[in-house]
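Notes to accompany the following structure.
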Amino acid sequence: MIQTLAFYLFAALVIASAVMTITARNPVHSVLWLILAFFNAAGLMILIGAEFIAMLLVIVYVGAVAVLFLFVVMMLDIDFATLRAGFVKNFPLGLAIAGILLAELLFGLGAHSAGGLVLGTPDAATAPAANVPNIQAIGAVLYGHYLFLFEAAGVVLLVAMIGAIVLTHRQRNDVRPQNISEQVKRRPEDATINTRPEVGGGVKL
Amino acid sequence: MTAFFQSLGLPFGAAWLISTIAGILLIALPLMLSVAMIIYVDRKIWAAMALRRGPNVVGPLGLLQSFADGLKVFLQETIVPTAANKGIFLIGPVVTFTVTLLAWAVIPFNSGAILADINVGLLYVLAISSLGVYGTIMAGWASNSKYPFFSAMRASAQMISYEVSIGFILICVVLWAGSFNLGTIVSAQKGHVFGILNGFGFNPLLFPMWVLFLISGMAETQRAPFDLCEAESELVAGYQTEYSSMAFALFWLGEYGNVLLMCALNATLFWGGYLPPLDIPVLYMVPGVIWLLLKIFFFFFVFSWVKATVPRYRYDQLMRLGWKIFLPLSLLFVFLVSGYLMATGHFA
């Protein structure tokens with residue numbers, strides 16, 4: 001009973017905030033609605049007992065990805081008039097994409113009701129053990145059965161990250177970098193000298 | 001607590017509901033009271049270190065100062081700037097305040113005295129603390145004013161940067177405890193070093209991680225010396241500039257609630273939480289909650305001490321510390337800790 005109520009609450013909020021995401025006029029509002037959608041999706045994950053995925057959804061999407069979105073969108077210099085001007089021009093394209101998505105959804109539902117696709121049977125190593133928290137279950141599968149694929153994915157991401165840094169990095173010679181250890185090592189004697197100059201003679205620097 | 005209400009003859013559902021609400025009130029109300037008192041303590045410590053008297057007029061020794069301030073802001077008018085984005089402007093402080101209260105649900109106050117005993121407790125804390133940044137960003141953006149906006153930018157970059165190293169530090173603790181559940185993490189610290197010292201902090205491999213955690217905690221809660229988002233010499237009052245009345249008070253409460261939460265996490269993850277520091281039967285006669293509160297208070301003193309004595313960081317130095325020092329160091333310790341645990345057969 002409570003599960004059903006919670007499900008409909010979360011599901012309705014996901015859909016409502018998704019609709020608001022695309023209809024909100026202000027892009028910052030759109031991102032905030034998107035965050036609400038993510039958050040409610042995490043609620044749905046908890047309802048089906050996938051607490052680990054739910055927490056990851058909040059940490060990764062809400063905590064990191066959406067913050068960057070918000071950052072970028074907030075920095076944009078938005079002119080609402082030009083933003084809406086392209087609506088009529090892009091409307092047919094949008095309609096076509098919506099049609100394709102609807103067709104895919106109907107295909108999927110039809111295929112499912114005709115009997116789901118069987119993609120190979122899980123063996124003992126991949127079957128999640130009963131009564132194990134799903135962090136342990138996912139960990140056992142990722143670090144046991146799919147260890148190579150998992151680490152390969154990690155390496156691919158690392159290469160992509162290094163690539164992005166190399167592409168955007170530019171060497172600047174006009175900045176003076178700060179060397180903290182050199183600054184900490186510096187003593188008063190290194191920086192100051194005591195002299196007793198002749199009257200009117202001045203100090204030699 | 002559910003069992004107690006069931007023994008009064010209530011069905012399970014009703015007993016669970018009542019005991020959960022009672023638990024929430026038992027945490028939230030003392031928390032709000034202690035936030036009021038801890039603001040007073042903070043000001044007193046700060047004053048003592050600056051050789052001043054601090055608040056000493058309202059009530060005996062100035063004890064009621066925070067309540068007087070609270071009443072003052074409560075009676076003020078809430079001013080919403082005309083150019084502000086009204087809805088988001090008002091949601092901002094509410095988000096900050098709510099998120100602060102949410103994270104306390106998984107802190108164990110004694111063995112078994114925990115509101116939500118979930119097996120992803122630590123991930124929940126991380127998730128909630130990553131939500132905290134939204135209050136600041138929303139407030140800064142919705143104020144539609146330069147300085148709050150700069151402040152929101154600074155705050156979000158700072159919190160994201162330090163969350164990364166906090167994540168790695170927590171992984172070291174989780175590896176050693178073998179669980180994400182905060183209650184299990186505390187009980188794993190019983191007699192951790194030489195069978196007599198309770199706390200991961202006594203462990204030479206984890207002590208450096210605690211130092212990093214303490215400093216990252218200050219950066220995460222935007223406490224001095226990392227309070228760049230409200231650096232008054234540069235940004236007026238930062239994201240709080242346009243706020244008045246209760247909206248301002250909610251930020252204030254949320255900020256100190258977060259600081260207390262960080263102190264509680266320091267105590268729970270590294271210094272044995274509700275366990276006494278030494279594993280001696282006599283010390284267990286003192287209730288666990290007293291030990292936890294003593295530790296929280298001690299760490300709060302450290303936070304105040306730092307605030308009173310350390311000058312504010314420059315922004316690029318803050319970023320350098322987070323990304324170039326803390327991140328590689330915490331990553332190195334993840335390797336060291338997991339290597340040590342593998343070598344000694346901890347996981348067998």
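Placement of Cβ uses the backbone N, Cα and C atoms for every residue, glycine included.
Heads up, TrEMBL stuff is auto-annotated, nobody curated it.
Taken from TrEMBL, the feature region 'Disordered' covers A:178-205.
If one looks beyond the transmembrane segment (A:6-24) by at least 6 residues along the same chain, the residues whose Cβ comes under 8 Å of a Cβ in the stretch are 30-31, 33-34, 36-37, 40-41, 43-44, 47. Taken from TrEMBL, the feature transmembrane segment applies to A:6-24 (among others).
According to TrEMBL, the transmembrane segment annotation covers A:31-50 (among others). For the transmembrane segment (A:31-50), the residues of the chain that approach it from at least six positions outside its boundaries are 3, 6-7, 10-11, 13-14, 17-18, 20-21, 24, 57-58, 61-62, 66, 69-70, 73, 134, judged by C-beta separation under 8 angstroms.
Same-chain neighbours of the transmembrane segment (A:56-78): 26-28, 30-32, 34-35, 38-39, 41-42, 45, counting only residues six or more beyond its ends whose CB sits under 8 Å from a CB of the stretch. Look at TrEMBL and you will find A:56-78 (among others) tagged as transmembrane segment.
Sequence annotations record features per position, and here TrEMBL assigns transmembrane segment to A:90-111 (among others).
Per TrEMBL, the feature transmembrane segment maps to A:146-167 (among others).
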| note | In the same chain, residues at least 6 away from the ends of the transmembrane segment (A:146-167) whose Cβ sits under 8 Å of its Cβ atoms read none
